[in-house]
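Novice: Can you read through this structure? Questions will come right after.
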Amino acid sequence: MATRARGFSLLRGRLGRGPVRAPGVAERAWRGFGSSGRRHEAVIISGTNMAKQIQKEIQQGVESWIALGNRRPHLSIILVGDNPASHTYVRNKIKAASAVGICSELIIKPKNVSQEELLDITDQLNMDPRVSGILVQLPLPDHVDERTICNGIAPEKDVDGFHIINIGRLCLDQHSLIPATASAVWEIIKRAGIETFGKNVVVAGRSKNVGMPIAMLLHTDGEHERPGGDATVTIAHRYTPREQLKAHTQLADIIIVAAGIPRLITADMVREGAAVIDVGINYIQDPVTGKTKLVGDVDFEAVKKKASFITPVPGGVGPMTVAMLLKNTLLAAKNIAY
């Protein structure tokens, strides 16, 4: 007796379910060429505005949690050395935490701090019942192994989502504390109403803290314990030949760029109507003013004329990453990430 191929029978059932569309931004989506024949520019997704809405939701969650008689969520941040960018990032995180009602403390150590001392600090914070979440600001000095330090944080307090257990659970489609930047990208896609079901996605970037988790979230079965995007995902990186990368991106419905290369993605690499999420953070010298400015991995001005959705840099994924870090802190306080 013939047996129907299981994969195809499941596919038919899943196709009947279809994609879930989020309300809001999608209703104003780019429609290619209008009746006038004029091309519409992309919807520019403001991560700043989206993050403000999420922070309001987190603030309400914190207040409700405290009203039930629970301890206020507490975030401990460890900062090593005097990297100006790291200090700026940490100040922003502390300010945002305060705004939503999360307590925070900053532990600053010199750049010559030993790995053993950092592990002692994380051990103390792990055992402290007042501490809901722990974050070690990266990068760390060369003599300190970042993976060892990240794994020294208790998984249930690892609000960055970098612990090997959290990464492992993410890859197995199980509930976990998800890396904040990957979570930010996923939240942007969902809230903007960008369809992922059955779509082709290119993730340019293979880091285990950003690119890989993004790919995991997008390709996961939407009916698993930790639902994903049901997309077909291709992962590229800084050493993917440009023509090969272009061949992939020209077929992509969604392009997510986290390679750390200014203007890696140009307009000729993007198909009409693709959604483009720029995770890049690059400081370059402005050829006109001579001043340093922040840019992403996408040629924003050119690509926005072809894309359906696009995130700017700054003001896109960055603010959302901070918001998702705060969300992880609240989840850790409630101990409901698993």
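Even glycines carry a Cβ here, placed using N, Cα and C.
Okay, these came from Swiss-Prot:
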| type | residues | note |
| --- | --- | --- |
| BINDING | Tyr89, Val90, Arg91, Asn92, Lys93, Val136, Gln137, Leu138, Pro314, Gly315, Gly316, Val317, Gly318 | substrate binding site |
| BINDING | Gly205, Arg206, Ser207, Arg238 | NAD(+) binding site |
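So that I understand the layout, could you describe where these features sit and how close they are to other parts?
Specialist: The C-beta environment of Gln137 (substrate binding site), restricted to residues of the same chain at least 6 apart in sequence and closer than 8 Å, consists of Ile77, Ile78, Leu79, Val80, Ser86, Tyr89, Val90.
Arg238 (NAD(+) binding site) has a Cβ environment of 13 other Cβ atoms inside 10 Å.
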Novice: Of Arg91, Lys93, Pro314, Gly318, which is closest to Arg206 (NAD(+) binding site) if I measure between C-alpha atoms? They're all binding-site residues.
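Specialist: Closest by Cα distance to Arg206 (NAD(+) binding site) among the binding-site residues Arg91, Lys93, Pro314, Gly318: Gly318.
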Novice: Around Gly205 (NAD(+) binding site), how many other C-beta atoms are within 10 angstroms of its C-beta?
Specialist: 24
Novice: Specify the secondary structure state of Tyr89 (substrate binding site) as given by DSSP, simplified to three classes.
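Specialist: It is helical.
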Novice: Give the helix, strand or coil assignment DSSP yields for Gly318 (substrate binding site).
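Specialist: It is helical.
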Novice: Check the Cα-Cα distances from Pro314 (substrate binding site) to the binding-site residues Gly205, Ser207, Arg238 and tell me which is shortest.
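Specialist: Answer for the nearest of the binding-site residues: Gly205.
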Novice: For the NAD(+) binding site, please report the maximum Cα-Cα distance among Gly205, Arg206, Ser207, Arg238 in Å.
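Specialist: The widest Cα-Cα gap among those binding residues is 11 Å.
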